[in-house]
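What Swiss-Prot annotates here:
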- 24, 25, 116: divalent metal cation binding site (BINDING)
- 18-209: domain 'RNase H type-2' (DOMAIN)
């Protein structure tokens, strides 16, 4: 596996003519819920305008692109690791596992897997070992990684909205489970439940009181 700091879709075309899957994650920092990843294989014959790092897009734009990606992609799949797996493995290894699940779930096998960040797990698809590279800030450079970041972000945000409906006293729709003051205040008042990551320091400290 190589790590690239600058790489574009045009560069990739010079060394891979097969299917390319982009992979990204969301939700490593929150105190609650799954870490969510996505793998996306885009169709070069059906380009999608406006793809970018999901964090740089408005919620409305992310939602619109989410629908377009789902419609036009050759294949996409969401992988995740649960709070229990995060507590057992640690957040890094759980994220790598979720990425592997996303790629393994693709309907088609990619020739190359490109991962946002500076590290990548080993990937297999139906017993075939895949070539993978990581690209620093790849979600703003590579269209398939941008698409994966959008799929993962929208998926997790919707899950936080659903959790907010079930537990409105925590304010998940606003902070999405991240460690904000409002979230800490809610935890102090209402405690934690089974979707919390009990190995994370703020949660662990509360449980040890």
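Backbone N, Cα and C define each Cβ position, glycine as well.
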Overall pLDDT for the domain 'RNase H type-2' (18-209), taken as the rounded mean: 96
CB-centroid shell, 8 A cutoff, divalent metal cation site 24, 25, 116, site residues removed: 23, 26, 37, 38, 99, 115, 117, 138, 139, 145, 148, 149, 152
Most Cβ neighbours inside 10 Å, all chains, among the binding-site residues 24, 25, 116: 24
